[in-house]
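Participant: Pasting a structure here, questions to come.
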Amino acid sequence: MAVTKLILFASALLLTALFIGVNASRSNETWHEHAVENPDEVAAMVDMSIRNSTERRRLGYFSCATGNPIDDCWRCDRKWQLRRKRLADCSIGFGRNAIGGRDGRFYVVTDPGDDDPVNPIPGTLRHAVIQDEPLWIIFKRDMVITLKQELIMNSFKTIDGRGVNVHIANGACLTIQYVTNIIVHGIHVHDCKPTGNAMVRSSPSHYGFRSMADGDAISIFGSSHIWIDHNSLSNCADGLVDAVMSSTAITVSNNFFTHHNEVMLLGHSDSYTRDKVMQVTIAYNHFGEGLIQRMPRCRHGYFHVVNNDYTHWEMYAIGGSAGPTINSQGNRFLAPVNPFAKEVTKREYTGESKWKHWNWRSEGDLFLNGAFFTRSGAGAGANYARASSLSAKSSSLVGTMTSYSGALNCRAGRRC
């Protein structure tokens, strides 16, 4: 009877959340079509998923659960390889609606080559990502893919590296430009180089000249509904994850970042005010060894930094300019030994008379080895509504929730 009541109660909460989402009125008619109008709805639904996973754990269904709602949604399934597309229902935060190639067929990459970026060979990753149809892209075997030019992705694609060891390395890397519904999961991306001044195909019917690319691991440009999850990213020429030019509805989760200078840029420039539509969730990531700054570095928009583990930085962890709203909740910050680098935050190119009005708050964060967060602006929760995307858990649980960050060593027939 108690279990029945719990299920009925959870169902009622879900119906209520959906009713709120359907009937929420648009508060700003000029607001970007992909931005979240009711972040409280997002937080309520994610909070429900956390409670549900906890209840299942209590009932014995998920003895391997960690409290990380993304992982608890799929990782305990021994038959995950037979239900790969279930992953698309597990996203949270602002990028929660990214379905990738869920509604399409599977495409198996069999060839690691990239001989011709204009006429890619069937079976290559480039041939897969440029197709117009939705595709869930998987890999036949372990492989290292060295791209000659940017891998320009078409909409409704999932790159799923689970079950094999896939590296995109030592060449060009991923470009997500003017597209929607992309999932990148379970791959290693490292040692990316600047490339360009070349012709590159972006769809079956189009190719064109590309100027020089910066050498980002993952570049998100003018795109929406993007989910970057469980990847290992390091040592690229520019950024590891950069999102610019009105990109929004993005979740960056469960990634392992190492050995890099400028880790994550969110916002094109101080003068590009169209990035005010940007909403990004940064959750359950491990910012690890050899990192220097920009975890992330934000401009203009709304950024929810929640339940991440910051174990290394040399300059600062979270920075920004041009008045972004930053909502830091339940993170663990371990400051470096350097006594002049203990501060988590950095305001770029702006005096205190201006940045004191920016809404930057720290709530429930854990500060170790002298780390500290300089708050500014309003403290009230209402001012952070557009920078709220999920319910933070206690910072004491961060170590457990991020312990499997990065590309996972998944094997068929075993819990991932």
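Quick reminder: no glycine exception, Cβ is built from N, Cα and C everywhere.
According to Swiss-Prot, the protein has these features:
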SIGNAL    1-24  signal peptide
CARBOHYD  N23  N-linked glycosylation site
CARBOHYD  N28  N-linked glycosylation site
CARBOHYD  N52  N-linked glycosylation site
BINDING   D214, D238, D242  Ca(2+) binding site
ACT_SITE  R294  active site
Participant: Within 10 Å of each Cβ, count the other Cβ atoms and name the one among the binding-site residues D214, D238, D242 with the highest count.
Facilitator: D242
Participant: For D214 (Ca(2+) binding site), just give me the three-state DSSP call.
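Facilitator: Where D214 (Ca(2+) binding site) sits, the three-state DSSP reduction gives coil.
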Participant: Name, in the order they occur in the sequence, the residues of the same chain whose CB lies under 8 A from the CB of the residue listed as 'active site' and which sit 6 or more residues away.
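Facilitator: Listed in sequence order, they are G239, N261, E262, V263, M264, L265, G319.
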Participant: Given the recorded Ca(2+) site (D214, D238, D242), which additional residues of the same chain have their Cβ within 8 Å of the Cβ centre, ordered by sequence?
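Facilitator: The surrounding set, listed in chain order, is A213, G215, D216, S219, C236, A237, G239, E262, L265.
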